[in-house]
Amino acid sequence: MSQPQLTQEALAREAALPENLWIQCPYCKQGSYRESLGNAQVCPHCHYGFRITAKKRLSLIATATEEWDADLVTSDPLDFPGYTEKLAAGQAATGLKDSVWTGQATIGGQSCALGIMDPKFMMGSLGTVTGERLTRLFEKATSANLAVVLFCASGGARMQEGIHSLMQMAKVSAAVKAHSNAGLLFISVLTDPTMGGVTASFAMQGDITLAEPHSLIGFAGRRVIEQTINQKLPQNFQRAETLLQSGFIDAVVQRQDQPSYLGDLLALHTA
C-alpha cells in the first residue's frame, strides 16, 4: 500500500511552523510548548526552572540595578588550548565578560548587593575574574552596610585556569566571613546546577540558603560517586528537595515567588 502524498498546502503549513516549538524538561522529561514556560522559563508540569542567563534573571528579580566592576576581563594565565575561543563564545551568549553579574539592586523594594552566576557562560565556572568580582561584591557590601543576595549556578572551578581558579574559593570565602563578622545578612540561592568548588565554598556559607525546585546541588557528580562507592544512588540524590529534607538548605522557592520572598527576608533583616 502506497503512502499518502502531502499536498502543497500541507507542506506549506509544515514549513511555516516555527523551529523548536516544543521543549523537554530535563527533570520530569515532559514535553511542553515553549510559550507555556512563561517569562520565568519554568516547567508547567514540575516547576523546574530552566537555565537562564544572568541578565535574564536580573530582569526577573530586580527593579533597579547598578552594575559593579563590569570592566574586569579574564586573561589566559596558563595559555590553555581553546580557552580564548570558549571565553569569546561565553561572552557572545551572555553579554557578560565572565560568568557572574554583580552590583547593587532593589528586590521587593529592598536595596541589597546582588550577584548572579551565569550557567550559559562556561557553565558558570569559577575563574579569576568571577572570584574577584564576587570578592569585591562582599567587600563593597560590607563597606555600604548592605545584605548580599547571591544566585549560584556553577559546574565548579574552571579547569582552564588551574590553581588560579582554586584560589578563588578561599578568597571569596574570606570576604564572606568579613561580611558576616560585620553582622550583615547573606542569602544564598542555589540554582541548577550548583556543583564542585562553588558548593564546597561560598555557596553553602549563607545565613539563609534557598534553592530552586529540583536543582542539582552537590560536590562530585553522581557517576563519580557511584563508581567510587560501587553503589547506585537514590533517584533524587543531590536534588534540592532531598537537601531540604536533610537540613542542608532552608527552603525551596519557585522562581516566580522569589522577588517577594527575598524582599520579605531583606525587610525582616533591616527592620
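Quick reminder: no glycine exception, Cβ is built from N, Cα and C everywhere.
Note that this is a predicted model, so its numbers are computed, not measured.
Annotation source Swiss-Prot lists domain 'CoA carboxyltransferase N-terminal' at 21-271.
Per Swiss-Prot, zinc finger is recorded for 25-46, and the stated evidence type is sequence analysis. Remote same-chain partners of the zinc finger (25-46), defined as residues 6 or more beyond its termini with a Cβ less than 8 Å from a stretch Cβ, comprise 52, 56, 60, 213-214, 254-256.
Summarising the annotation, Swiss-Prot assigns Zn(2+) binding site to Cys25, Cys28, Cys43, Cys46. In the three-state DSSP reading, Cys43 (Zn(2+) binding site) counts as coil.
Residue density at Cys28 (Zn(2+) binding site): 14 other Cβ atoms are found within 10 A of its Cβ, drawing on all protein chains shown. The candidate set comprises the binding-site residues Cys43, Cys46. Of these, Cys43 has the most other Cβ atoms within 10 Å. Neighbours of the Zn(2+) site: apart from Cys25, Cys28, Cys43, Cys46, residues of the same chain with C-beta atoms within 8 angstroms of the site's C-beta centroid are Pro26, Tyr27, Lys29, Gln30, Ser32, Pro44, His45, His47, Tyr48, His214.
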